[in-house]
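These notes are about the structure you will find just below.
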Amino acid sequence: MNAKIVALLIVVGFVGMFNVATAADPLCSLEPAVGLCKASIPRFASVGGKCQEFIYGGCGGNANNFQTQAECEAKCG
């Protein structure tokens, strides 16, 4: 019985740590948005907790849009 309780507490602890790590800023969980314009601008966005390059159209989109990978990582990890 005690082993089950300990295992449950460990699982809850890991889930709690994961939620804190990924909830740094709500904008980091937004899907990258290309926007409405037709430009082809390399940008970075947080996807699944990692900063990845995407092509931004130049207007519209959302706040998950960074000029450099370093800027993305500073904000979203």
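For all residues, glycine too, the Cβ spot is worked out from N, Cα and C.
Among Cys59, Cys72, Cys76, the one Swiss-Prot lists as the disulfide partner of Cys37 is Cys59. For Cys72 (disulfide bond), the nearest of the disulfide-bonded residues Cys28, Cys37, Cys59 in terms of C-alpha separation is Cys28. In the three-state DSSP scheme, Cys51 (disulfide bond) falls into the strand class. Residue pair Cys28 (disulfide bond) / Cys51 (disulfide bond) shows a Cα separation of 9 Å.
For the pair Cys37 (disulfide bond) and Cys51 (disulfide bond), the Cα-Cα distance reads 23 Å. When the Cα atoms are compared, Cys51 (disulfide bond) and Cys59 (disulfide bond) turn out to be 20 Å apart.
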